[in-house]
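Peer 1: Below is a structure I'd like to ask you about.
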Number of protein chains: 2
Amino acid sequence: MSRPKPISGYPEFLPAGRIVEQQVLDVLRETFELHGFGSIETRAVEPMDVLARKGEITKEIFTVRRLHADDEAPVPAGDQLGLHFDLTVPFARYVLEHGGHLSFPFRRYQMQKVWRGERPQEGRYREFLQADIDIVGAENLAAHHDVEIPLVALEAFERLHTELGLPPVVMHVNNRKLLQGFYEGLGIDDTAGALQRVDKFDKIGGPAVADLLTGELGLSDEVAAKCVAIAGICTGDTSFVDQVRALGVENPLLDEGLGELAELVRVAGAAVPGRLVADLKIARGLDYYTGTVYETELVGHEKMGSVASGGRYDSLASDGKVTYPGVGFSFGVTRILAPLLNRGELTATRSVPTCVLVAVDSEDTRAAAIATAGKLRARGIPTEVAPKADRFGKQIKYADRRGIPFVWFGGQTGDGADGPQSAQVKDIRSGEQVDADADSWQPPAADLHPRVGTA
Amino acid sequence: MSRPKPISGYPEFLPAGRIVEQQVLDVLRETFELHGFGSIETRAVEPMDVLARKGEITKEIFTVRRLHADDEAPVPAGDQLGLHFDLTVPFARYVLEHGGHLSFPFRRYQMQKVWRGERPQEGRYREFLQADIDIVGAENLAAHHDVEIPLVALEAFERLHTELGLPPVVMHVNNRKLLQGFYEGLGIDDTAGALQRVDKFDKIGGPAVADLLTGELGLSDEVAAKCVAIAGICTGDTSFVDQVRALGVENPLLDEGLGELAELVRVAGAAVPGRLVADLKIARGLDYYTGTVYETELVGHEKMGSVASGGRYDSLASDGKVTYPGVGFSFGVTRILAPLLNRGELTATRSVPTCVLVAVDSEDTRAAAIATAGKLRARGIPTEVAPKADRFGKQIKYADRRGIPFVWFGGQTGDGADGPQSAQVKDIRSGEQVDADADSWQPPAADLHPRVGTA
């Protein structure tokens, strides 16, 4: 087999990149679990009719079939399977299938690969990792969860920033009730149509949106101007409420949306100052979300677009008897990490978990070296034994190539038992070398595991 | 959507089962990393020509294609993709593709789902999780790694047994050189044919194997009897060497195999007594393995067959210039856990990570409850705030249903600030209730996270 080539759209990380990804996932998991979210995993495949329900994405679905099935009769439509393209659709199916065994409100997180047949480009992959949190109720779900979810997300992002050196984020939030109520208050009948046009605000700008609203929807210049005006409102505090009020539109749904959004902005402003803004042009997935919506940008990497998003939906799923409303948030883990890793903006201090390499000066002392390594591991210190008896220069080179900070040597006798002579451990970065006892020596805490940070 | 039905062969765990799985994976990861194995993940898909190289499994491959590609021209054979059916084939491809960026010997672990279009039954799934460790060298790899790999595996199994209550294991090991050399020493030309017949020893028994060897391969009764005799040797110490010698066959490859296997049995007997036996009928995957081979059974669940296995291969991969020999081991995580979870033999003490539920007696005090929860979380205590203001009986019921051991209440004033009155925390299992300060109260260590154990 000659050297294989990568397949476009299927990113793979080298070991150091994978260490970064693992530590990111560890932070997410720890944050989620501290907030009482439990993990689930769903199978990678769903029946096509489950997947195809979310219409606009159908063309991106990967179908799956047994190789030898190709020769057989076509699979009945109901039995055809496809790879899931997000974690929401399988979660909704999981809730319906296992609902009798779950307690509601049900708080879950889920970190799995998903697959989409998109045209690959930076930030768009055919296989990528998502990390989702959702809270789902049976029949009802209190509005305070709309505030809770983005706070959990921001706490996770804040830890990723301060502990691992990822860029800080700004979360842009809006509320569908607010826009819907505003449009209704203006007397617009086709509110969905208006939302679709306003959704293009970032791409084509306010004047062009106004043209669409008047030209395509037949709105008056005055009404279109107000739609553009509200879309332009973006504040880091609750002053957006007065700015909306100043547009002079009255509607009960608008009031409700303003109230919910103001509460979120107020609480988030106190908890994580500067990380959340009310941005009234955010519209995302409007056939789906019914209340608060969230988008998140990495500061300094706004061109990557929203890397994490979510919102409130009145019906995640329904089995005809019970309807399950929910609020959720999805971290685009690969979408965040692949560009940062590819550009070398994030890195790990070493490419292996190993903290100590125990040198072996002759194969006769391998057993003693293995015993030393066992003692270090028993105290939680990741340790390798040199694969080959060799002079110390070679062993230090072995460690150096992998970023292993410490090389241990001596303390071994030829008969494989611990000898009386003292062992020594060398910090190969500083060259410092000290006597050490495998039952008590401890590396600096910062060296125990690879550290992740900016390059 | 009506209640969906499970798809046969695709097991999914309820939240408590997933907690068991997570803790199993945590033990595996920690053990692997303590031994210097670094994580990698490979994409789920490989080109069909890469997958199909391992001939006998081809019929079980799932192919993947874009839904709308069905209407288009057939995909060229070289571009057709399938889901990986193990982690060895993708790892071999990864080593070839990224070899220039890796340091050899390369120690990696990999925990991912794999897919096989098998007929589903207990212990056989269409989607299942594997956890693999391998050490791969460039051009050569020392024999001591054949001893290292099963010791790492046994250390992991021992922790799963003592810490999480999984059944203990017995690992059955053999060495292909030993059998190959033995057969050559007997003058058998078709050694592969002999191995194939002997591989049926467990299923059909010694006399039937002897019949196959004489009838199908034309071996003499005496030679066939020796093949059956060596296959019947199974010892927990190195006495197998004398038993083989007593059969009177002389061959240098046999000597080499006996030496390697004796060393493994000797070292493992000292490190993890009673967990490893030399079992000379083990033959597995003989087109592939070239030295030591491992199989593992759960004690008391031998009917499940081998749940974890591996071995030495002289060529994991080759790019024409460099050949990569390796030795590896694969844990069938789903294969081990799904039956134990289904039968209720393993369980978690609760279905959520939450240790403390902070009660809310009126919506006016929710902010104070959130502040209390934040203080507990800041000290690593997984905490939820009650979703609904309610009387304490209901809140205790909420906790009880999920197995949350502690309910926190009081210490809140109606204005959302921490009040001066004392808070209390109740252990809902014992009913014991004590005054508590959110800045210092600590649950018993055993209650901080869900514990896994036998039911």
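Yeah, the Cβs are placed from backbone N, Cα and C, and that goes for glycine too.
Summarising the annotation, TrEMBL assigns L-histidine binding site to B:D86, B:L87, B:T88, B:R116, B:Q130, B:D134, B:R284, B:Y288, B:Y289. Marked as domain 'Aminoacyl-transfer RNA synthetases class-II family profile' by TrEMBL: B:20-353. For B:410-455, the entry in TrEMBL reads region 'Disordered'.
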Peer 1: For B:Q130 (L-histidine binding site), just count the other CB atoms lying within 10 A of its CB, please.
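Peer 2: The answer is 20 other Cβ atoms.
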Peer 1: Could you give the mean pLDDT over the domain 'Aminoacyl-transfer RNA synthetases class-II family profile' (B:20-353), rounded to a whole number?
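Peer 2: Averaged over the domain 'Aminoacyl-transfer RNA synthetases class-II family profile' (B:20-353), per-residue pLDDT gives 92.
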Peer 1: Once the DSSP letters are reduced so that anything not helix or strand counts as coil, what is B:D86 (L-histidine binding site)?
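Peer 2: Going by the DSSP assignment, B:D86 (L-histidine binding site) belongs to neither helix nor strand, so it counts as coil.
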Peer 1: Out of these binding-site residues, B:D86, B:Y289, which one has the fewest other C-beta atoms within 10 Å of its own C-beta?
Peer 2: B:D86
Peer 1: Reduced to three states, what secondary structure does DSSP give B:Y289 (L-histidine binding site)?
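Peer 2: It is coil.
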Peer 1: Including all protein chains shown, what's the count of other C-beta atoms within 10 A of the C-beta of B:T88 (L-histidine binding site)?
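Peer 2: Total other Cβ atoms inside 10 Å, all chains included: 23.
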